[in-house]
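**Student:** Please read through the structure below; I'll follow up with questions.
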């Protein structure tokens, strides 16, 4: 075993960073044995150096992250700051000064992954980011390496723990969205401003990263259709139950039937209770992967939190250190397939639509005509009368999102349709 | 991209081998793009060359596997023959003649993994075997690489599809063992001689491999306690249901509480219905991994079959080819921790024991005294009278297997105990 240690610079020392530092210290012997050389924390860049960090030598702490990544003797930079800047500049500077990088930064990878990979490759360095998607759950490595000899057709994932906690609570207690959100906030599962989670921005970044790797195609955050889950109601859950379904916020990356294009999207959807994703409880994450040869795989675990995310960071750190010792790099960006990324309108799926309609003869015929005119085939219709009004629940066969949108627009113009109470996609069948 | 192809020799062309050959042909362009060079099937060794193999050039087929691995121009040998010999000799010969090896051979790896890893290392070659455990499910790579910065404490897995199919059938239909086995055989899930599956030999080999990797310690097949599932009855399932449990054949690899020793075992066990493994249906496999930092992860998918196993083989093939192009090797054996592998007697768990007893006063006191004398603490007791006889169901707190065995031996000597109807461990709580 080499005795000269590999030097690690840690950018950020919050929930994840402090766990990375702690494990590097407490498990130093194990890490050394697994890497083949000791690893040493050579510097920790933070914004507020006055906050005491248990177990970290104060002499290592600096506010000058740029100087740290420019030192030239750093083997690996671990970036757990998050956000676009200064993380992006620090990472490219690290490559220029000879370091490889391990990052947990989903937003940055989803937005600028291609440029960062190019910068790493230009300098012959590694860029690893298992922690950017679904915390501790091994996903990037299995998709990139274990399935390297297979053809992935679909990735269907619960990749945001906050929203899964809220939806699970609504499902199990009948609570409304706000009540469930309040509980998530009180328990620390949701942040004071939950926008990034509940509006699907966080999941969309992960969808972009997963789609890119799964399909060997560049998929940017802008390519991902995104719909949050703030409009999901207790009534939707009741409808889902009648269908033998529950509701999850899903990140869905799909190869089109012709194999020539792909889509990536995030939205709430009904999935059958028999689907393995339906039983993912609380803040857990799970990702379902369908491939030609391997069939259906599922990866399940804690999708966030300091220790789980640190576990993913450290797995990457060991790999990058090993690569460095053997003078090589791991797999870089694989975008050779360069498939077309289709807009949401081309996505084909099933829909569950609740309409409030006038309770009089002929309404069903009118509604059915609109569906037919737009080429959307109806699977089942259920009519329920309530206080002079009536509701009509339509479940369609598979149709394009564009055709469904056209249908809904036309339905809204019907005099007999008082309102479109909800539209929800049905997935995982 | 390099234009000179990497040469692959395929040993065995049965269910898995023919799928490997097929995908190497149909997905040649994708494999080349992902590896950075084309891969070419340079030879296929089979026992019966007269069996026509669709899509394989007859000129490549040989019965002389030894000559094939000795050719000297082979980059990677894919071994999907199974069994100990001639696979072992062929693999070591392959290393000596400059090839790396991808194997799906669980029996060989479990018995001689250390020697094979040493042979690979001596020659500076790779030995990969993702397909040896749980078919297409990525397990070896996540344990070895993704969790390289974590400390694994427990691996709890359903790693045999045949037995899971049988147990699932017994659970869902109330069928007895033989009836469920017959159905599994008729549907092709069980072989004509199901011994390797139902007696737990197959799962024990996988447990040895998983424990070795998870604990960085050599664990041989002989170290694994093994108990088959042929004695599981419909009555056991009824008892399990009363406990809110089901019964699964589990491979369990555990680090002792003091962290200084490990155990590996295969036996049927009750697990709570709320445990993610409880809902693994049919012939699917799933492995639950508990670690210090990452918490609870689960990996789920098809555990056998030609195409899924081929997917795992090809993922390894891509990795080994990439290593070869960059002049390096992946992680080899990691056995530095060299923890003690404890015998079954030291395993600590809970037990569910059904006794047939005389229906008269004082029996419970007698039985309880025996448990107390052996230091086994009782959690719950349930008495049921039936036709003059009675049954007593005891669920214990955690106790060592040695203490439980001593208890059962003493119980059998009691006049009032007519028989021990069943003993089953309770796991996953």
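Cβ atoms here come from the backbone N, Cα and C positions, even for glycine.
As annotated in TrEMBL:
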type	residues	note
ACT_SITE	B:206	active site, proton donor
BINDING	B:11, B:12, B:13, B:14, B:15, B:16, B:17, B:18	NADP(+) binding site
BINDING	B:106	NADPH binding site
BINDING	B:191	L-homoserine binding site
DOMAIN	B:352-425	domain 'ACT'
**Student:** In the domain 'ACT' (B:352-425), how many residues does DSSP assign to helix, to strand and to coil?
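**Tutor:** Tallied per class, the domain 'ACT' (B:352-425) gives 24 helix, 35 strand, 15 coil.
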**Student:** Go through B:106, B:206, the listed recorded positions, and name the one with the sparsest Cβ surroundings, counting other Cβ atoms within 10 Å.
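**Tutor:** Each of the recorded positions B:106, B:206 was scored; lowest Cβ tally within 10 Å is B:106.
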**Student:** Around the NADP(+) site (B:11, B:12, B:13, B:14, B:15, B:16, B:17, B:18), what further same-chain residues have their C-beta within 8 angstroms of the site's C-beta centre?
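**Tutor:** What remains near the Cβ centre is B:10, B:19, B:20, B:21, B:46, B:80, B:81.
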**Student:** Cα-Cα, whole number of Å: residue B:12 (NADP(+) binding site) versus residue B:106 (NADPH binding site)?
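**Tutor:** Between the Cα atoms of residue B:12 (NADP(+) binding site) and residue B:106 (NADPH binding site), the distance comes to 15 Å.
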**Student:** Within its own chain, what residues at least 6 apart in sequence put their Cβ under 8 Å from the Cβ of residue B:11 (NADP(+) binding site), listed in sequence order?
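**Tutor:** B:17, B:45, B:65, B:68, B:69, B:77, B:78, B:79, B:80, B:81, B:87, B:90 - these are the non-local Cβ neighbours of residue B:11 (NADP(+) binding site), listed in sequence order.
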**Student:** Using DSSP, would you call residue B:16 (NADP(+) binding site) helix, strand or coil?
**Tutor:** helix
**Student:** Residue B:16 (NADP(+) binding site) to residue B:191 (L-homoserine binding site): how many Å between their Cα atoms?
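**Tutor:** About 16 Å separate the Cα atoms of these two residues.
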**Student:** What binding-site residues among B:14, B:106, B:191 are found with a C-alpha within 10 angstroms of that of the residue listed as 'active site, proton donor'?
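**Tutor:** Candidates kept after distance check: B:106.
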**Student:** What average pLDDT is reported by the model for the domain 'ACT' (B:352-425)?
**Tutor:** 93
**Student:** At the level of the C-alpha atoms, what whole-angstrom distance separates residue B:15 (NADP(+) binding site) and the residue listed as 'L-homoserine binding site'?
**Tutor:** 14
